[in-house]
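Shown next, in C-alpha cells, is the structure this report addresses.
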Amino acid sequence: MKSALSAMFVLATACSTALAQPDAAPRAPGIESSGYVWNQPDPDKDAALAHRPDIEQGKIAYEICQGCHQSDGSGRADAIYPSLAGQHASVLIKQMMDVRAGRRDNPKMHPFVGEWVVSVEEVANIAAYLNQLPISLDNGKGSGNRLERGRELYENDCASCHGKNGEGNATEFYPLVAHQHYAYLYKEAVMIRDGERRNANPKMVIFIRDYSNEDLKAVSDYMSRLTLPAGTRQP
Amino acid sequence: MKHSRMIAAAACAGLLLAASSASAEVVGDLERGKAVAAEVCVACHGADGNSPVPMFPKLAGQHADYALKQLQEFASARRQSDIMKPIVEGLSARDMADAAVFFASQQPSPGQVDDPSMLETGRRVFNEGNPDQGVPACAGCHGQNGVGNARYPRLAGQHPTYVLDQMQQFADGRRTNDKRLMQTIASRLGETETRAVAEYIASLEASK
C-alpha cells in the first residue's frame with residue numbers, strides 16, 4: 001500500500017511559493033503623472049474584456065469577493081464597500097485591473113484581486129456574474145437635505161456621461177451610479193476631486209474641481225436616490 | 001458523471017459507510033481509505049478523523065478535494081510540516097485519494113468551546129469580518145455555517161488550538177499554500193479577534 005514517493009510530488013516541490021509580503025501593493029503611474037491617459041490599453045484588461053465570460057464560473061470565482069461585497073453583490077453602506085450588483089462588466093473589469101496593477105490604490109482589496117488569486121478569465125467571469133445580478137435597491141442614502149442642489153449639479157455636470165438616471169455607459173466604461181451607496185459615492189468623489197483616485201478620468205476632475213464638500217455630498221445623495229426606469233438597464 | 005463513478009466505488013466497498021458525502025471530484029475507495037487511516041492516520045487524527053488531540057485537526061467531514069490537496073502539498077513541501085512530511089512520503093497517490101474520500105465520508109464530532117465569552121465577538125468577525133482592518137467575513141468563502149466547499153475547507157467544529165496555530169502560521173509566513181489569502185487575513189486580524197473566531201468556529205454545528 002505504501003509506495004515510494006512519486007515523481008509527481010518531487011516535481012511539484014519546484015512550485016513551492018516564496019512570495020513577497022501579502023500586503024505589498026504595486027504603484028503604477030496614474031493621474032499625477034505627465035502623459036497620463038485614462039483607460040489606456042492594458043494587456044490584462046484587454047484580455048479580460050475579450051474573454052467570453054462564463055457566469056456560472058463567475059459565481060464560483062466571486063466567493064473570494066463576497067466576504068466583503070456580500071453574496072448578492074449589494075456591498076455594505078456602513079463599511080463603505082460599494083454595491084456591485086448590476087454594474088457594467090466593462091467598468092468592473094477596468095476597476096479590478098486598475099486595483100491589481102496599482103493604478104487605483106486599494107491596499108485592502110489588492111491581495112484579493114492579485115493575479116495569483118484570480119485569472120484574467122475569472123475577472124471577466126466575476127464581472128459578468130455581477131452584471132446580471134439584480135441591482136440592490138436598499139442602498140445607503142445621504143441626509144436628503146440638499147437634494148435640489150444635488151439634482152442641479154448632477155444635471156449640469158454629471159448626466160452627460162453617467163446618464164439622466166445614473167445608468168452609466170458600458171461602452172464608455174462610465175459606471176452605473178444609481179443605487180450606489182451614498183458613503184461610497186461621496187468618498188470616491190472627494191478622492192477624484194483631490195487627485196487621490198489615481199485612475200480617475202481627467203474630464204471628470206475638471207467638472208468637479210471646484211465643488212465644495214457640501215456640493216459633493218449633495219450630488220452623491222442625489223445619485224444614491226436615482227432609479228432606473230424599467231427596461232433601461234444595459235446588458 | 002464523476003459522482004456516479006465515486007458512488008460505484010463506494011458500492012464496491014460494500015460497507016455501511018456514508019458514501020454520499022464524499023467529494024464529487026476526488027475518486028477514491030472508501031474501504032482502502034479506511035485501511036490507510038487505520039494504519040497511518042489513526043494515532044493523531046483518530047480512526048474516523050475526529051482527532052482526540054487539540055493540536056491536530058479533525059478531518060472527519062473535510063472536503064476530499066481540500067484534504068487531498070493538503071496531502072499532496074505536504075509531500076511537495078508546499079505546505080511545510082516536519083510531522084506530516086515523513087508520513088505522506090509513505091503514501092501513494094492512490095492512498096492519499098482513498099484516505100481523503102474516507103475522511104470526507106465520516107461524521108464530524110461537535111467542537112469544544114474553551115471560552116464561551118468570546119463567541120459573540122467571534123460570530124461578528126466570522127459573519128462580518130473587520131472592515132477597518134480590511135478583513136473579509138470568513139463566511140464569504142467558508143460559508144455561513146463554516147461547512148466550506150471543494151475550494152475552501154470545512155471549519156465547523158474544528159479544534160480552536162489547531163485553528164489558532166494555523167492562523168499564526170499564516171500570519172508569520174510559515175504556511176504559504178493559500179494564494180496569500182489567509183496570510184493577508186491572518187496578518188490583519190488582531191489577536192483577540194483571531195482567538196474569538198477560533199472559538200466561534202468550534203461552536204458551529206459540526207454535523208453535516
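The first residue you see is number 1, and the count goes up from there.
Glycine is treated like the rest: Cβ placed from N, Cα and C.
Residues or ranges marked as signal peptide by TrEMBL: B:1-24.
Look at TrEMBL and you will find B:28-107 (among others) tagged as domain 'Cytochrome c'.
A helical conformation is recorded for B:C44 (heme c 1 binding site) in the three-state DSSP classification. Taking a C-beta cut-off of under 8 angstroms and a sequence separation of 6 or more, B:C44 (heme c 1 binding site) has the following same-chain neighbours: B:S51, B:V53, B:F56, B:I83. According to TrEMBL, the heme c 1 binding site annotation covers B:C41, B:C44, B:H45, B:M84.
Annotation source TrEMBL lists domain 'Cytochrome c' at B:117-205 (among others).
The heme c 2 binding site annotation in TrEMBL covers B:C138, B:C141, B:H142, B:M182. DSSP assigns B:M182 (heme c 2 binding site) to a helical segment in the three-state reduction. Other Cβ atoms within 10 Å of the Cβ of B:M182 (heme c 2 binding site) number 20 in total over all chains.
Each of the binding-site residues B:C41, B:M84, B:C138, B:C141 was scored by the number of other CB atoms within 10 A of its CB, and the lowest score belongs to B:M84. Residues in the domain 'Cytochrome c' (B:117-205) partition by DSSP class (helix H, G, I; strand E, B; coil) as 53 helix, 2 strand, 34 coil. Candidate binding-site residues B:C44, B:C138, B:H142 yield B:C138 as lying near chain A, with Cβ-Cβ distance under 8 angstroms. B:C41 (heme c 1 binding site) sits 25 Å from B:H142 (heme c 2 binding site), taking the Cα positions as reference. In this structure, the C-alpha atom of B:M182 (heme c 2 binding site) lies 23 angstrom from that of B:H45 (heme c 1 binding site). According to DSSP, B:M84 (heme c 1 binding site) sits within a helical segment. If you take the C-beta of B:H142 (heme c 2 binding site) and look for same-chain residues 6 or more apart in sequence within under 8 angstroms, you find B:G148, B:Y152, B:P153, B:R154, B:L155.
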